[in-house]
Amino acid sequence: MTTIIAFIFVFGLIVFFHELGHFLFAKRAGIMVKDFSIGFGPKIFAYRKKETQYTIRLLPIGGYVRMAGEDGEEIELKPGYRVGLELTPEETVSKIIVNGKDQYVNAQPIEVSLCDLEKELFIEGYEDYDDTKKVRYQVERNALVIDGKIETMITPYDRSFNAKSLGNRAMTIFAGPLFNFILAILIFTALAFVQGGVPSTDNTLGNIMPDGAAAQAGLEKGDEVLSINGKETKSWTDIVQSVSENPGKTLDFKIDRDGKTQDIDVKPATQKENGKEVGKIGVETPMDTSFTAKITNGFTQTWNWIVQIFTILGNMFTGGFSLDMLNGPVGIYTSTQQVVQYGFMTVLNWTAVLSINLGIVNLLPLPALDGGRLMFFLYELVRGKPIDPKKEGIIHFAGFALLMVLMILVTWNDIQRAFF
């Protein structure tokens with residue numbers, strides 16, 4: 001049960017931040033957002049506020065933000081349609097009832113002759129279905145079209161995705177992966193504050209373990225190690241290397257303590273790691289507890305992981321591709337099961353790493369991914385006009401189908417690794 005809760009928390013948080021990026025930048029650009037959904041499948045929770053419906057769905061392995069104009073959805077009332085109109089006191093249309101007119105007793109019956117619900121926002125027709133009573137009404141920008149129990153808000157063209165500038169469209173799509181990186185930065189920064197600091201690379205000693213060789217020799221926390229056996233030490237890595245390479249051998253530590261230099265002999269204990277003997281003196285990594293270090297930790301950790309993940313991706317394509325290099329939901333669940341054993345802080349760290357992974361994967365220039373859409377925007381920038389929407393739709397559909405096939409293969413491979 002703990003693993004299931006952790007899995008839902010991790011995926012839910014990552015997906016929420018990704019979709020939040022799309023949502024906020026769409027709103028900033030003036031794009032109508034019709035749906036903000038976390039998860040796929042049947043609805044667990046639904047709430048509508050103004051023009052947007054917010055939903056949580058059963059499967060927490062994805063989400064979406066549905067923006068006006070993205071899916072080609074448009075409301076068309078052809079000449080001859082008989083509808084009911086609810087009017088405001090100013091005689092503008094607030095509701096267009098297509099089906100279920102009997103439930104709106106005050107609706108004005110009209111037979112449509114001409115209608116524009118995108119640009120000029122008007123409806124013309126014959127009142128009471130009488131061709132001698134021609135009328136024309138302006139339609140409210142937030143008017144609803146009611147078809148039985150389904151209510152759909154009209155989309156003025158200037159509120160649609162495609163009506164916006166190339167820069168606004170590109171930023172709205174890029175904002176999803178961007179917010180995945182922001183989530184990682186926030187988590188790594190929070191962890192630095194909770195843990196009281198970040199590991200330092202300085203050549204100073206951290207906490208001294210009571211029964212270790214360092215404590216027995218008289219070393220203290222905060223001692224600056226100038227050299228070991230005459231070899232200058234400039235960083236914590238230099239100290240670790242010198243100690244590890246000399247198990248059971250007495251080492252001359254030249255240290256600076258409170259401005260005074262002194263020599264202390266330390267004999268590292270011998271321990272086995274991966275079948276090899278190494279030296280240990282019982283000293284923890286020094287911590288940088290400064291405010292600046294805690295704040296910058298989020299950025300440096302995120303950047304280091306980005307570089308590392310891109311390096312792995314490069315090796316995948318240059319060194320030969322294998323399904324074992326990829327993890328689907330089952331593989332991530334299995335990894336989460338292991339991570340949970342080390343506590344909540346480790347789960348948070350795992351969430352940050354996964355969020356960076358999702359951000360990078362979504363930026364890959366593949367159809368159906370955010371990166372694929374950004375490539376089409378680049379094409380539009382170079383060519384001066386967008387690709388034909390039908391062609392783009394076909395390419396995205398083909399890309400989505402290939403991704404689904406790959407996901408099925410990866411998931412099957414995950415199941416075999418986990419259970420067979």
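Cβ atoms are placed via backbone N, Cα and C, with glycine included.
Among the features that Swiss-Prot reports, Zn(2+) binding site is placed at His18, His22, with the record citing sequence analysis. In this view, His18 (Zn(2+) binding site) is surrounded by 27 other Cβ atoms within 10 Å of its Cβ, with every protein chain counted.
Annotation comment: Swiss-Prot describes Glu19 as active site, evidence class sequence analysis. Same-chain residues at least 6 positions away in sequence with a Cβ under 8 Å from that of Glu19 (active site) are, in sequence order, Phe36, Ser37, Ile38, Gly63, Tyr64, Val65, Gly176. Secondary structure from DSSP puts Glu19 (active site) in a helix.
According to Swiss-Prot, the transmembrane segment annotation covers 172-194 (among others), on the basis of sequence analysis.
Residues or ranges marked as domain 'PDZ' in Swiss-Prot (evidence: sequence analysis): 176-260. Across the domain 'PDZ' (176-260), the DSSP tally of helix, strand and coil residues reads 33 helix, 19 strand, 33 coil.
Residues annotated as transmembrane segment in Swiss-Prot, with sequence analysis given as evidence: 304-326 (among others).
According to Swiss-Prot, the transmembrane segment annotation covers 347-369 (among others), on the basis of sequence analysis.
The transmembrane segment annotation in Swiss-Prot covers 393-412 (among others).
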### Message
I'm checking region-level scores; what's the whole-number mean pLDDT for the domain 'PDZ' (176-260)?
### Response
93
